[in-house]
Amino acid sequence: MDLYLPIANLPVNTVFIIGLGGLVGLLSGMFGVGGGFLTTPLLILYGIPPTVAAASAATQVTGTSVSGVISHLSRNTIDVRMGVVMVVGGTIGAVIGAGLFSLLQSIGQMDTVISLLYVLMLGSIGAMMAWESGQALIRMKTGARPPARKRRHHPLVASLPMRWRFYKSGLYISPLAPLLLGMVTGIMTMLLGVGGGFILVPAMLYLLGMTTQVVVGTSLFQVLFVTMAATLVHSLTTKAVDFVLALLLLIGSVTGAQIGTRISRRMQPEYLRVILAAIVLVVAIRMALGLGWRPDEIYTLEVR
Amino acid sequence: MPARALRLACLPAFALMLGGASAPHLVPDVSQRQIDIQYSFKGAELLLFGAIAYPDGRPPDKPADIVVVLKGPERPIRIREKQKVAGIWVNADSMQFQSVPSFYAIASSRPIEQITDERTTAIYELSITNIQLSPTSFSDTAEIARFERGLIDLQQREGLFVQRPGTVEITDGLLYRVRLPLSARVVVGDYTAETFLIQDGRVVAAAVRDIQVRKSGFERFVALAAERWPLPYGLAATAMAVLMGLLAGWVGRRV
């Protein structure tokens, strides 16, 4: 069954889009990531204009992260103070992202920058995750204990002025560090339609040195509110949020997320992370190849 | 636009000069004056038909030809060309065209080159390669031609530029009919269906019908809301996402 998308201005196969949402939701439920990093490229491959894809994917991530945030709130595993600082940063980032968006569009380099960012981001995060989860697997098999952490947080973080106490994270650091981190993910949310969870989580662990128990909850908290901000900024600037597309994606992804959560409870986290690392790397490699291959269309049109 | 209006306005006078009272005229119509884009829109097929009215009611011994052109609103377009730079494909050169029809479909009773000469084809824009795209660049003609080819090729594969020679049926030399496909990717706006009667290589009659393409119902409301009330629209989209998430969580806890 086909459905016409009023903002993207083209008909799409309903079953395909819901299925895509479902797949992304399944992954997000299983791995606790937003899944935007899969939605946007897949929508673009399907023929949805990149701007509409990124904007609507951001809206979708809002929906998929809601139930996660609620369950973390009830388990008291969110550092709200830290989260609010990052959301403020993320909102500023979304506005900066909007500026970058129109700049890149006017010089016609939007597609290239999106692809390059994806390759860099997914490539490095995927490689890091693969290495780390591989080590964890080996330790699990051999029964060796994980090596002790050498330092609390990165020296750069410690050198920033002004210090706040973040009790739940067990930190006494400058709020500028999470603010900047929030800004970076805000920009990426705006440009790529990703929640940025898979950047936030390692950064919170290894750069800020937050207590592990609150990392995932706080990252989801920031993702929820920053994707909301990005949806609003997109509505106001690019006007590219497609309500119907977002609704279709959400029908699939909220359902998939529930199923994914159940699967994840039956699997060992070490294996889950290896699988996630593999998926991230495959997407990164596919996009890297896409940059080098001769594209299907040499010419692109832009109304102006 | 003014050029075309002038051209069409001049036609009757032109015809009068040529044949006086014996000039034929066209009575065209279309199957739909208004096309609504709705949730199930997958493109449309338009039937363009009409009568050729000769002063004495009889067609001439040598049959005339009919050319039908369906055109969408013109828009300024920037076309970008990808080139391989440092191993990756990036947008490099670009060119601006001031008046690119968002849709262009042409059908004729015989191949255009058998109906009329190149000059007439160019004046009346009777083939895809003769659409006036108005490039705003001062670069050499070879470069302009390269971009034009790219643009036309892209639009043809998207189904936005359509050429169907030999598909106009003429019955008894008096009635004509043709079907033209309207791609699902058409933009909204005012379309025109121009019909030309061509005899001995000359356009002897022409007529225009307007067709309106617009979104309707929910699709129209969404597009309008996104454009006119961006903040409430964004809030609504966010609220929808949050509600869907809450709903799924609620259902998930009970299943």
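Yeah, the Cβs are placed from backbone N, Cα and C, and that goes for glycine too.
Annotations in TrEMBL come from automatic prediction, not curation.
Per TrEMBL, the feature transmembrane segment maps to A:12-31 (among others).
The annotation transmembrane segment is assigned in TrEMBL to A:43-62 (among others). Packing against the transmembrane segment (A:43-62) from elsewhere in the chain are residues 5, 7-8, 10, 12, 16-17, 20-21, 24, 34-36, 101, 105, 110-111, 114, 189-195, 223-224, 227-228, 230-231, 234-235, 238, 240-242, 245-246, 249-250, 253: each is 6 or more residues past its ends and has a CB under 8 Å from a CB in it.
Outside the transmembrane segment (A:82-101) by six or more residues, the chain places 51, 110, 166, 168-169, 171, 175, 178-191, 200, 210, 214, 218, 221-222, 225-226, 229-230, 233-234, 237-238 with a CB less than 8 A from a CB of the stretch. Annotated transmembrane segment per TrEMBL: A:82-101 (among others), in sequence order.
Residues annotated as transmembrane segment in TrEMBL: A:113-131 (among others).
Annotation comment: TrEMBL describes A:179-207 (among others) as transmembrane segment. Residues 32-37, 39-40, 53-58, 61, 65, 85-98, 100-101, 104, 113-114, 117-118, 121, 125, 128-129, 153-154, 156-157, 215-216, 218-220, 222-223, 226-227, 229-230, 233-234, 280 of the same chain, all 6+ positions outside the transmembrane segment (A:179-207), place their C-beta atoms under 8 angstroms from a C-beta of that stretch.
According to TrEMBL, the transmembrane segment annotation covers A:214-234 (among others).
Per TrEMBL, transmembrane segment is recorded for A:240-259 (among others).
Look at TrEMBL and you will find A:271-293 (among others) tagged as transmembrane segment.
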Of the listed stretches A:113-131, A:214-234, A:240-259, A:271-293, which one has the most C-beta pairs under 8 A with the transmembrane segment (A:12-31)?
A:240-259
For the transmembrane segment (A:240-259), which recorded stretch in the set A:113-131, A:214-234, A:271-293 gives the largest number of Cβ pairs separated by under 8 Å?
A:214-234
